[in-house]
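> Starting off with a structure, shown below.
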Amino acid sequence: MAALAYNLGKREINHYFSVRSAKVLALVAVLLLAACHLASRRYRGNDSCEYLLSSGRFLGEKVWQPHSCMMHKYKISEAKNCLVDKHIAFIGDSRIRQLFYSFVKIINPQFKEEGNKHENIPFEDKTASVKVDFLWHPEVNGSMKQCIKVWTEDSIAKPHVIVAGAATWSIKIHNGSSEALSQYKMNITSIAPLLEKLAKTSDVYWVLQDPVYEDLLSENRKMITNEKIDAYNEAAVSILNSSTRNSKSNVKMFSVSKLIAQETIMESLDGLHLPESSRETTAMILMNVYCNKILKPVDGSCCQPRPPVTLIQKLAACFFTLSIIGYLIFYIIHRNAHRKNKPCTDLESGEEKKNIINTPVSSLEILLQSFCKLGLIMAYFYMCDRANLFMKENKFYTHSSFFIPIIYILVLGVFYNENTKETKVLNREQTDEWKGWMQLVILIYHISGASTFLPVYMHIRVLVAAYLFQTGYGHFSYFWIKGDFGIYRVCQVLFRLNFLVVVLCIVMDRPYQFYYFVPLVTVWFMVIYVTLALWPQIIQKKANGNCFWHFGLLLKLGFLLLFICFLAYSQGAFEKIFSLWPLSKCFELKGNVYEWWFRWRLDRYVVFHGMLFAFIYLALQKRQILSEGKGEPLFSNKISNFLLFISVVSFLTYSIWASSCKNKAECNELHPSVSVVQILAFILIRNIPGYARSVYSSFFAWFGKISLELFICQYHIWLAADTRGILVLIPGNPMLNIIVSTFIFVCVAHEISQITNDLAQIIIPKDNSSLLKRLACIAAFFCGLLILSSIQDKSKH
């Protein structure tokens, strides 16, 4: 009765809310959000540097999140590379001195805070020719003015960056008098034109005063109150912003440190100076402001201009625009023709007359419609991760942000369970379910930033290995049973795997290896195909006649294992193979194939394990050793219970080992050999009991059917900055943002899956002669792409 009510309820929901209506809703949401963000950009401005300098919040205790953009954490080498041959000057009081020390420590962490505090402090890194000076001018007075005035002279070398600020010393010396504030205003008014002149050739920042923690202030600092600090800040902002009459001031207000201090000043030792962690954050913001536009780090979107549109991207935009126009013309013509041939009613009989000609939906219409949809989807991809229309934020890991969503989807998955059509081991519904829940876990892992937590990282590595295990199992089973080594099958698989990634490489201007999982699966598919297709071709039908062929196949697999071991322990040979042109165009990332070597080596044995498992399973199945009936255990009760016990112990043992990992490099070294233990344990736990084999989660299986699209699409329309950050469609409400962006993301992935299937039927025909012609066209397309890519690379250099 409950099952009947569940099915009726599901039909009722599907009647009113289908996948199609969900996609329409997603499209409306995208248009509304794009319009809102465009309006916001026009009203507030498009300069993310202003947001970085003036706004933000803490994610947790020490992670600062600027409004609308991402901050990069600069390493020593990156900082030196950015600041080579540069001169940075800090002018001000003890607070500016603190900022100076924190900034210098990004370049040289060993630099010590020592020497006379009330004197100038020089720093120079000769390896990068970086010069950073602190100039002691605790008051805005004639002394500071003279220092700045010297730099305005044409004959004097000017600092590339000037960071200035002072006020608390004036409040302290003059006991917080109103006369001191008036004098401060006069002095800063006289300095403002000089700063403005310097700002035309250098980056000039005026650091507003941070609040103090009044309860901790010593007696000789009690007159420094937050009320007086606010008055001095207001004076500085008012005067510096009005120093130019007809245009915006070039002197940038560094006010974000105030926000940081408001959250952390309670941790101050004296109530006046910020704790070290806060100073490090402020210094890193300063580094981002100056260096992001120079080095253009992927995860540092603040202060970065929109990347220039390449020639290939322009051609892609033209192609999709023509496809949209072509489809609209085709649709209008087809619609008019349909109206002309509309069934009319016989006046005498009242019956409808049938049309003589019934126009079928042509391949051309499907082709144009698919490219039209794809063009609109690619426009959304570009808006999300290249056009800087939508906001981006840094990830921040907490245990709750990972484990709570995992529990939530687990409950949903258990709720939506149905009976399988067949009860074989790893049947289609079960493998779709497996792919589905693994993909959802991987998505949660990525968006929560859980890679920083090693036990979670190691378990996710097993899930990636399980995908590759399924690749080995699935393709081996197909070739072994069907014996179909035709070019049509190969082209269909390669097209479905690579179509979306090739389009994204063109539209998003990213190398093929950037979407590392697709190259990995593609190469392993070709390895499986070549292994089984090479002479002698051994398939199940042939092996059934003579057991000798089983040994022949095992010999083939043995040679494959030796070849894998050879490449795994010969990095030079591996790099020589994949550095050959044009393979290098596919597998190089940042000018070398190391990343590809690392990714391939990390799961080098698991595809072989999948093939071997498929061979053993199909051999046992053929000899009717397995009981795969509905509700029946896979083996006899004793053997089933024993194997279940071993599987559970093995599964838990691996989890305990992964959870106790302390060093990522060491665990990665062991992973290729031991990951199969947990994979096989899971398969046996899932398939030995008959009742477990007879049901599956339709919720997980639905996601499993679009798992590849979900994995690829997340790079740009769910995450941001090439997976380094999170896409923000709705700022200020993280939960609502995740719900809306996830809804749109899933709808897009599902639509792309359908588009890929439709195009695969048209572009990859079954007729061999037609297919060869199409392959020649595809080869010509890629040759053209290689030529254009080479032209682009030369123009960049």
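Keep in mind that glycine also has a Cβ here, set from the backbone N, Cα and C atoms.
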> Under the annotation given by Swiss-Prot, are S795 and N668 positioned on the same side of the membrane?
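Domain labels match for N668 and S795 in Swiss-Prot.
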> Under 8 Å between C-beta atoms and at least six apart in sequence, can you list the same-chain neighbours of N46 (N-linked glycosylation site), or say none if there are none?
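Result: N388.
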> When you scan the chain for residues with a C-beta under 8 Å from the transmembrane segment (487-507), skipping those not six or more beyond its ends, what do you find?
312-313, 316, 374, 378, 381-382, 475, 478, 514-515, 518, 521-522, 525, 529, 708-709, 712-713, 715-716, 752, 756-757, 759-760, 763-764, 766, 768, 771-772, 775, 785
> Quickly jot the same-chain residues contacting the topological domain 'Cytoplasmic' (417-439) by Cβ under 8 Å, restricted to those at least six beyond its ends, or write none.
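Sequence-distant neighbours of the topological domain 'Cytoplasmic' (417-439): 409-410, 463, 466-467, 470, 473-474, 617, 621, 626, 628-632, 634, 683, 686-687, 690, 693-705, 707, 710-711.
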> Are there residues of the same chain, six or more positions away from S94 (active site, acyl-ester intermediate), whose CB falls under 8 angstroms from its CB, and which are they?
K117, P138, W169, L272, H273
> What is the number of other Cβ atoms found within 10 Å of the Cβ of H273 (active site)?
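Here the count is 19.
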> Quick one: pull the CA-CA distance for D270 (active site) versus N175 (N-linked glycosylation site), whole Å only.
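N175 (N-linked glycosylation site) has its Cα 18 Å from the Cα of D270 (active site).
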> If one measures from the C-alpha of N187 (N-linked glycosylation site) to the C-alpha of N175 (N-linked glycosylation site), what distance in angstrom results, rounded to a whole number?
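So the alpha carbons of N187 (N-linked glycosylation site) and N175 (N-linked glycosylation site) sit roughly 18 Å from each other.
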